[in-house]
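S.K.: Submitted below is the structure of interest, expressed as C-alpha cells.
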Amino acid sequence: MPPQKENHRTLNKMKTNLFLFLIFSLLLSLSSAEQCGRQAGGALCPNGLCCSEFGWCGNTEPYCKQPGCQSQCTPGGTPPGPTGDLSGIISSSQFDDMLKHRNDAACPARGFYTYNAFITAAKSFPGFGTTGDTATRKKEVAAFFGQTSHETTGGWATAPDGPYSWGYCFKQEQNPASDYCEPSATWPCASGKRYYGRGPMQLSWNYNYGLCGRAIGVDLLNNPDLVANDAVIAFKAAIWFWMTAQPPKPSCHAVIAGQWQPSDADRAAGRLPGYGVITNIINGGLECGRGQDGRVADRIGFYQRYCNIFGVNPGGNLDCYNQRSFVNGLLEAAI
C-alpha cells in the first residue's frame, strides 16, 4: 500500500476517534448536570420523583429526606400519585361551587379560569394533590385555592354569598406601579415587556417568569402575557410556585402534605406546620409577624370555606400573626 494512503487512513482514524471522544464527553457532561430545583432553574423531577438538596432526582431517602429535599418530597421515598389526575379529588361541580362568582359580569377574568384548564395543568405536577391520604390531598387543593383565591379576589364584606365566594375574579394586577424588571444577566427583561402579577398566584418579576418558564417549558420572559392569556399556563405557573422550595423556605406543597419538619430556628420564630406557614412562604414579609392582619384572615376564610366543601378538617396553626417572616428566598409571588 502506498505510504501516502496509509498516512491518510491513519489521519482519518485519528479524526474519528477524536470525534467519538468529544461526543462521549458531551454526553457525560449532560448526564452529570443537575436535574432539578434551584440548581436547574426550579425544574421539577419527572414522574413525581423527589428533588434532593443537590439538584438530583430519585425516590430513596437521600433524595426525599427533610430537611434537604427541595420539591415533591415523600417520606420513605415513594413517588406520589400515579398520574397527577385530580378529577377524583375535586369535581367540576365543587370547582364551580368554590369559585362561585368567578364568571360574574363584574369580574375581569370571567370566562378565563376553567376546571379543565386546572386539571390539565395539574397533570404536569404528579405530586400536587396526590400525596398522602385522601383527606391530605383534599386539604392541599383547598389550601392552594385558598391562597390563590385571596390573590385574585373580587369579594367584599357584604358580597353576595359572602366574601369567600369571589376568588379568581382577576387574572392580572390592576394598574401596576412598575414594570417589575430587575436587571439580570441570567433573566434579562425583554424589550417592552412588563412582569407584573399575573395568574392565580400573581407571578411577579422577570426572574420569576424566567425560572417558571424554564421549568414548564414556555418562554415566559419574552411572552409574560401568556400567564394571563392561556389558562393552562396560568395554572401551571401557580402550581409551579406552589411545588418549588425557596430555601430557607420549604415548598407550600411540603408544608400542607406534612413533609416539612420545622427546625429549631423555625420553632423559635413561631413557624409550625399548618396553613399559616404557607402564607408566610407566599407573602410573609408583608403580612406575618404583625399581629392581627386582614389579609391573613382573608386567606384563612377562603381556606376554611373550601375545606368545608371538601368535608375535611383545616387543621391548626392557620395564621401567621406571631410568626417571624422567612428571610427572602429566591422567589416572590404575591404583590
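Heads up, the Cβ atoms here are built off N, Cα and C, so glycines get one too.
Take a look at what Swiss-Prot says about it:
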type: SIGNAL; residues: 1-33; note: signal peptide
type: DOMAIN; residues: 34-75; note: domain 'Chitin-binding type-1'
type: DISULFID; residues: Cys36-Cys51; note: disulfide bond
type: DISULFID; residues: Cys45-Cys57; note: disulfide bond
type: DISULFID; residues: Cys50-Cys64; note: disulfide bond
type: DISULFID; residues: Cys69-Cys73; note: disulfide bond
type: DISULFID; residues: Cys107-Cys169; note: disulfide bond
type: ACT_SITE; residues: Glu151; note: active site, proton donor
type: DISULFID; residues: Cys181-Cys189; note: disulfide bond
type: DISULFID; residues: Cys288-Cys320; note: disulfide bond
type: MOTIF; residues: 329-335; note: motif 'Vacuolar targeting signal'
S.K.: Just counting, how many other CB atoms are there within 10 A of the CB of Cys320 (disulfide bond)?
M.R.: 29
S.K.: What's the number of neighbouring CB atoms sitting within 10 A of the CB on Cys288 (disulfide bond)?
M.R.: 28
S.K.: In terms of Cα spacing, which of the disulfide-bonded residues Cys51, Cys57, Cys73, Cys189 are within 10 angstroms of Cys64 (disulfide bond)?
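M.R.: Qualifying among Cys51, Cys57, Cys73, Cys189: Cys51, Cys57, Cys73.
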S.K.: 10 Å Cβ neighbour count around Cys169 (disulfide bond)?
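M.R.: So the number of other Cβ atoms within 10 Å of Cys169 (disulfide bond) is 21.
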S.K.: For Cys107 (disulfide bond), which of these disulfide-bonded residues sit within 10 Å, Cα to Cα: Cys36, Cys50, Cys181?
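M.R.: Those close enough: none at all.
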S.K.: Can you count helix, strand and coil residues in the domain 'Chitin-binding type-1' (34-75) using DSSP?
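M.R.: Computed counts for the domain 'Chitin-binding type-1' (34-75) are 11 helix, 7 strand, 24 coil.
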S.K.: Counting every protein chain present, what is the number of Cβ atoms, excluding its own, within 10 Å of the Cβ of Cys51 (disulfide bond)?
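M.R.: So the Cβ neighbour count for Cys51 (disulfide bond) comes to 32.
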